[in-house]
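Here the structure is laid out as structure tokens; the discussion comes afterwards.
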Amino acid sequence: MNEEETNFVGIADLPNQRHKIVSRNGVAFTLMLCGESGLGKTTFCNTLFSTTIKSHMGPEKVRAKHAEKTVEIEITKAELEEKNFHLRLTVIDTPGFGDFINNSGCWESVVEFIEDQHESYMRQDQQPDRRKIIDMRIHACLYFLRPVRNGVRPMDLEAMKHISKRVNLIPVIAKADMYTRRDLALYKTRISQVLEYHQVNVYKPNMDEGDPVFHRQIQGIINCMPFAIVGSEDDIRTPDGRVVKGREYPWGIVEIENEEHCDFKQLRNILIRSCMLDLIQTTEEKLYEQYRQEQMKVRQYGEPKLRTIDNAKFKEEEENLRKRFTEQVRVEETRFRQWEQRLIAERDSLNKDLEAQHVQIKQIELEIERLKAATSSRKR
């Protein structure tokens, strides 16, 4: 036994121990897909994990969802295994989000669901027996954007503002194969500028300054944001004989994993290969802790969550809204009374004119009668 082995304590084996524990227990990961229908959320999810996680909705079901005019929460669970490592995956979809003419407040049910998962975990964590905690806290939210001229639709911007306060938000440009490289570059710049100007919290991976290779990799991922993605579950044979996931068009083939065609690989890296544990850790140590502290400041131990309608701020806003409504009603009533008085005055004026005309007509009739009587007298 040499001197190095004699002085070896074993601290350096701690990462190996951690690796064994994680490998044995696996990891639970919850992903939310948010955005209007028709942007390829289901296709992307199945492409991301190289298996069918979610089934596509048929035309009848899509029409039924549109008729309901409500945002729903759909939960899909799956157990994935790769090289003896288990991933307990939960996918949260939001059918109906942003699909209606009036989409004001459509994000409220999504934010409420995210907060409910923090609330559920916090209440379970306060129980004596915490061995069977059900953790549904959402680790990442992919927000699918349809590019517009000014970068982001007002509804999407407002939704991302609220959602980003509770979850790791990752905006993506859906169906990138519909745009030219020039258009995509322009959309990316505009979207980034809008999000930065309005202070929307977009997830940024932690940079490891001590690992130059990993640092460059993460910097490359950040430079690609917002990710322009293409999804496909079909295998396509390229002219050079390769079989790839992609889409075939008359002008050529779009390869999903070709970085010159889209940012799918970079998005997969941030979600799975490079930053999944960072997403989980950020959720647990930052976002959940922030929610827990906020609730502890306004609640006693064991007290149920303050509902929106019981919130003092909400009541104040409700009272202000009631006052504004009352004032508006008063103004409208005053305006109506003034309008009514003008109508009455006009009616009275018209009635007076009408009476005067009746008097004139009577006088004319009497004059005619006198003239007739005078004419008859002369004839006699």
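Placement of Cβ uses the backbone N, Cα and C atoms for every residue, glycine included.
Among the features that Swiss-Prot reports, GTP binding site is placed at 35-42, THR70, GLY96, 175-183, GLY231, ARG247, with the record citing similarity to another entry. Around the Cβ of ASP177 (GTP binding site), the same chain contributes VAL230, ARG247, TYR249, VAL254, HIS261, CYS262, each under 8 angstroms and 6 or more positions distant in sequence.
Residues or ranges marked as domain 'Septin-type G' in Swiss-Prot (evidence: sequence analysis): 25-298.
When Cβ-Cβ distances below 8 Å are used as the criterion, the region 'G1 motif' (35-42) is approached by residues 54-57, 62, 65-66, 93-99, 142-146, 174-175, 231 of the same chain, each at least six residues removed from its ends. Feature annotation from Swiss-Prot assigns region 'G1 motif' to 35-42; the stated evidence is sequence analysis.
Swiss-Prot lists 93-96 with the feature region 'G3 motif', giving sequence analysis as the kind of evidence. Note on the region 'G3 motif' (93-96): mean pLDDT across this stretch is 84.
Outside the region 'G4 motif' (174-177) by six or more residues, the chain places 35, 39-41, 44, 144-146, 184, 228-230, 247, 249, 254, 261-263 with a CB less than 8 A from a CB of the stretch. Annotated region 'G4 motif' per Swiss-Prot: 174-177, in sequence order.
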- [ ] Can you see whether DSSP assigns ASP177 (GTP binding site) to helix, strand or coil?
- [x] helix
TODO: Write out the long-range same-chain contacts of THR180 (GTP binding site), meaning residues 6 or more apart in sequence whose Cβ is under 8 Å from its Cβ.
DONE: none
Open item on the list: So, three-state DSSP: helix, strand or coil for LYS41 (GTP binding site)?
Closed with: helix
TODO: By DSSP assignment, list the helix, strand and coil residue numbers for the region 'G3 motif' (93-96), in that order.
DONE: 0 helix, 1 strand, 3 coil
